[in-house]
Every structure is written in structure tokens, then in C-alpha cells.
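Worksheet: the structure to be examined is printed underneath.
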Amino acid sequence: MSTTIEKIQRQIAENPILLYMKGSPKLPSCGFSAQAVQALAACGERFAYVDILQNPDIRAELPKYANWPTFPQLWVDGELVGGCDIVIEMYQRGELQQLIKETAAKYKSEEPDAE
């Protein structure tokens with residue numbers, strides 16, 4: 001059985017755009033998670049999420065692993081981008097859209113063609 005930290009590392013490694021949040025994109029359980037989802041969704045690319053309310057082990061361990069105390073947490077290409085305030089700020093400056101599009105394009109080109 002893998003440890004919680006190993007599970008977190010695997011989630012981050014396997015999902016180029018990953019949001020740790022309270023609730024789900026369709027039903028966020030806090031305003032900060034809802035704002036982060038709106039900004040991410042507006043970038044027009046798919047992203048993965050982990051509902052920390054359903055994963056108390058991750059909720060307990062991720063702040064220590066990330067050295068970031070709060071949720072949501074956006075991880076892009078293996079790196080912590082930040083929480084709600086940073087995500088919104090980057091979106092307002094146009095930086096989030098660029099980062100998300102570039103990351104999505106990078107990983108799309110690595111996928112084998114479905115045809």
C-alpha cells in the first residue's frame with residue numbers, strides 16, 4: 001500500500017493540470033475553490049481535480065508536502081502554482097491562460113494519436 005505522500009506525488013506526476021480543491025468543479029464546497037475553478041475553466045483546457053473533503057489523508061498531508069497551508073492548490077506540470085489569490089491574479093494578467101494552454105499543448109503532443 002502506498003503512503004499518502006506517494007499518492008500525492010503520483011497524482012501530481014500523472015496530471016499536468018491538477019487542482020486540489022474542496023468539492024468538485026460542478027459543486028465546489030467553498031468560494032475560493034469555486035473562483036479557482038472558474039478561472040481554470042475559462043482557460044478552455046481540461047484539468048484534473050482531487051476533492052480533499054473526500055480524501056482526508058491528502059487534506060492532512062498535502063499542506064506539509066507543498067509547504068502551502070491552504071486550499072485550493074493548483075499544480076501545473078509538477079509545480080505548485082499557488083492558491084486562489086494567485087490563480088485569480090494570474091488569470092487577470094493573462095498569465096494563467098498562457099501557462100495552461102502551453103502545458104496542455106505540451107502534453108497533447110506527447111499522447112499517441114487515437115486514429
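Every residue number used here counts from 1 along the chain in the order it is shown.
Backbone N, Cα and C define each Cβ position, glycine as well.
Across the domain 'Glutaredoxin' (5-107), mean pLDDT in this model comes to 98. What Swiss-Prot records for 5-107 is domain 'Glutaredoxin'.
As annotated by Swiss-Prot, glutathione binding site applies to Lys22, Arg59, Phe71, Cys84, Asp85. For Asp85 (glutathione binding site), the number of other Cβ atoms no farther than 10 Å from its own Cβ, over all displayed protein chains, is 12.
Per Swiss-Prot, [2Fe-2S] cluster binding site is recorded for Cys30. For Cys30 ([2Fe-2S] cluster binding site), the same-chain residues that are 6 or more apart in sequence and have a Cβ closer than 8 Å to its Cβ are Lys22, Gly23, Phe71.
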Distance in Å spanning the most remote Cα pair of Lys22, Arg59, Phe71, Cys84, Asp85, given for glutathione: 19
Distant-in-sequence Cβ neighbours of Cys84 (glutathione binding site), under 8 Å, six or more positions away: Phe32, Ser33, Gln35, Ala36, Pro72
